[in-house]
Amino acid sequence: MMDFLVFAMALAGFNALCVSMERHAKQVVGHAPDETKRRGFSALGWALLALALALAVYYHGASIGTAVWFGLMTVAAFIVGLLLSYRPRPLLGLGGAALAVALLLLV
Amino acid sequence: MSTSTHFVFFADHRPWLNVSLRSVMALFGGYGLASMVAATLAVGLPLPRPDAVMTAIMLAFLVHMLAALWVFGAATLTRAAAGLAMPAALLGLWLWLLPVGATA
Amino acid sequence: MRFDKPRHFRQSMSWLHTWAGLVLGWLLFAVFVTGTLAFFRNEITTWMQPELHSARDDGHGLERAVAVLERKAPDAQQWSINLQGPRSPVMNLSWREAPAAGERRSAGRRGEEGGDADSGLEPPGGPAGRGEGHRAQDMQREGRGDRPEGARAEGMQREGRGAGGRAEGGRGEGMQREGMRADNAPRQEAHTGGERGPGSARPQRGGEGREMAMAAPQAEPAQAEARQQGGQQAQNRLIMDPATGEILQPRQTAGGNFLYRFHFELYGMDRLTGRWIVGIATMFMFVAIISGVIVHRNIFKDFFTFRPGKGKRSWLDAHNATGVLALPFHVVITFSGLLLLGFQLMPAAVLTAYDGDTRAMAQEMRGRGNANAPLPRPSGEKAALTPLAPLVAEAEREWPMQGVGAITITNPGDARATIEIRQARTEGLSSRGAARRMVFDGVTGEVLERPPVAESSAASSAWNLMTALHMGRFASSLPRWLLFASGVLGSLMVASGLAMWVIARQKDREALGRTPRGHRLVEVLNVAAVSGLLIAIAAYFWGNRLLPADLAERNLWEIRVFFSVWALAALHAIVRKYKAAWVEQLTLAGVLAMLLPVLNGASGGVHLGHSLGAGQLQVACFDACALVLGALLMFAARKVSLHVPRAKPGTKSRPAGASKAKKAEAVDELAAGLPVALKTEEA
């Protein structure tokens, strides 16, 4: 379950990061959000990724945790990239939804 | 990227020879330099011997990779060769100056 | 791009990336694919031995195991039990007969030597004399599939989960331990029997094997000898169904181990040669990856970029995405691959530090590692062995995350019996993959000691971290799956890079009006190396089930099927046009893979519907993966067949002639990700 939370955070993090990029934001939202909003998304994205790393290391130990984090990031980014290419709309809330599910499962 | 500051010789002007020489330098020169790194650091590093050996090997592979990038990135063949030879010579000097059996 | 003209650094790197990737790219693809599969080589071996599929765990396997060992080896000096677990449904039992007097002294080392080997301390490339010893190991290994237990014993015991009780730790050791052992063999000679625990008689035969190998000039006769040895070895190993206590006799198979060994030493050649070739290819890969990163530059900006349906651009995007998304994996797996072969590829370090004496280094490493207490002598008094289950339960309470992997019982039935329990998995990657142990009194069941795991230095931590990661020594299956996924991405990266070389030169060929011989060569090699290999792997699994189960040299026949099919695929690639060859081969590979689950159910295995329900996850996951990957291959085949080359009329109308060379160059650089801006600024 913890692993799923890490994965959800990575997914949400990449989701936020891709919305923070002008070109991709247009794909997802239809228009580019203003500069401050994009900065916010960028910060949120990086923060989520960092948090995911912390969680993975806490749970698995430094060496395996980092490896798991990188691996989950790869999968998450792959999913975000695929969606962005073929079906960008769900990216509006995908990360948030994944996070919510992960937290629900945890409780 | 002006070539006037570098020594240029005929092989620099022959595309195939140029590429071939660079490839040879990257493969064998790079390996030679990497081996020098491995040989020198294995005895030169102030670490317990097995650690020094492992560190040396790890760095040697990195050096080989960087040497390949250098050889193909360098403006002229001479520069590419010099970039391999000089560090190798320095390492050789270090290895030579190390007291025999210092770490044995 | 020409090196005799002034150029930008990134143009040079682009050239280097293209050619370093291409020259050995086909080999790299094979290494990547088989290596990716090798993350699951135990599971693959299990799949390839359907006799084991229906083994169950009812929680009382331990009593049955002890009963079997008491019956089969009442006088043994040591018993070893490798428990079933997430990676194997069966228990592996083995024992070591009591040695004659005088041989005891060195018998105390069990997995420890393997433990050293974990650090990647592998000197297979040593001088000739050692090479021979090394070869002996090879021969032995060659014989593995010829034992009745076949590769199972190889995968599970010798190498696998707990050879020497080292549980998972032992897994990737093939290459390392082998080197170590080759190294040890001359020193300890034949009487080190059982230094690797379950392998009991093995090191003795290591000695023999070495002599035989030296006597045998060629691999073929040596294989026969290895088989003979295998026969002897078989007497000391059993595979037991934990739920019934039944001794299983699985078919011979080359198993997942063939793929594993192929991925770093190829096949049909001297192993040192194979490792050198793979090592050189790995260095090319390393250079290609780093130069690729330099060329790509906009890693973060283009992180999610994939523009489908845009010809070259899409291929470039796909190549970039597969490369960048798993970049940490690619760098680590490549660099650690070099390290795993490091003592062979870079002998200079050991040459100066140890005078080329890898044995001395191995000893020094070991010296600071775990201390090996000699085995306690039996008292001669009989005493009943304490039940194992409570001890295992206690150990599991101690290591809730790692679980129990193996149990070693020394002097069973004696008043001085001891029971050692080892973790199934290690806690971290930097500690040379060493598992923790608990030692119990075999009669009273009291804990005697909890030996600490040796701390490792910074250098060896880094080394171990890399190599352990490469070999996937993990607690849970999740990281293994993640490695697998990254490996698939890596394979796609290599394949897309190869495909792109041809695509990027499309205009070149159009301008020329024909396909130059060099291009054709790349085309044929692309098809043969990519889809041909996939067909060959699928055929290998088919061969596993279609060959008669009692065929002599069955494992060799499986390998022959693999290579013959691969050769046929290469032939097909030569005969057919590029696109047709792709479509046909990808379709065939897809069909073969998708039908594997059906074949499994029809040829004695547990089929997907049943294995899922019954929790036979190793088998179920294999079948599921085959289905998914097969479907993806079919999808790819369809995509290729529907593909229509774009913009053909446009290029034809444009004047070729003088600007031809320049255009080809531009395409080349575009393919390597060089932005147009750079070229205009240059112009």
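Just so it is clear, glycine is given a Cβ too, placed from its N, Cα and C backbone atoms.
Remember, TrEMBL labels are computer predictions, not curated facts.
The transmembrane segment feature in TrEMBL is assigned to C:21-40 (among others).
Marked as region 'Disordered' by TrEMBL: C:99-234.
As annotated by TrEMBL, compositional bias 'Basic and acidic residues' applies to C:102-113 (among others).
Per TrEMBL, the feature compositional bias 'Basic and acidic residues' maps to C:131-161 (among others).
If you look up TrEMBL, you'll see C:168-194 (among others) marked as compositional bias 'Basic and acidic residues'.
Here TrEMBL flags C:212-234 as compositional bias 'Low complexity'.
As annotated by TrEMBL, transmembrane segment applies to C:276-300 (among others).
Sequence annotations record features per position, and here TrEMBL assigns transmembrane segment to C:321-343 (among others).
For the transmembrane segment (C:481-503), the residues of the chain that approach it from at least six positions outside its boundaries are 18, 21-22, 25-26, 28-29, 32-33, 35-36, 39-40, 288, 311-312, 315-316, 318-319, 322-323, 325-326, 329-330, 333, 469, 472, 519, 522-523, 525-526, 529-530, 578, 671, judged by C-beta separation under 8 angstroms. Residues or ranges marked as transmembrane segment by TrEMBL: C:481-503 (among others).
Residues 25-27, 29-30, 33-34, 37, 47-48, 258-259, 495, 498-499, 501-502, 557-559, 561-563, 565-566, 569-570, 572-574, 578, 581-582, 585-586, 588-589, 592-593, 596, 599, 626, 633 of the same chain sit 6 or more residues outside the transmembrane segment (C:524-543) yet have a Cβ under 8 Å from a Cβ within it. Annotation source TrEMBL lists transmembrane segment at C:524-543 (among others).
Residues or ranges marked as transmembrane segment in TrEMBL: C:555-574 (among others). Proximity of distant same-chain residues to the transmembrane segment (C:555-574), defined by a Cβ-Cβ separation under 8 Å and at least 6 residues beyond the stretch ends, is recorded for 144-146, 150-151, 223, 252-255, 258, 267-268, 523-525, 527-528, 531-533, 535-537, 539-540, 542-544, 547, 581, 584-585.
The feature transmembrane segment is assigned by TrEMBL to C:586-605 (among others).
Taken from TrEMBL, the feature transmembrane segment covers C:617-637 (among others).
Residues 47, 50-51, 53, 531, 534-535, 538-539, 541-542, 545-546, 549, 619, 622-624, 626-627, 629-637, 640 of the same chain sit 6 or more residues outside the transmembrane segment (C:586-605) yet have a Cβ under 8 Å from a Cβ within it.
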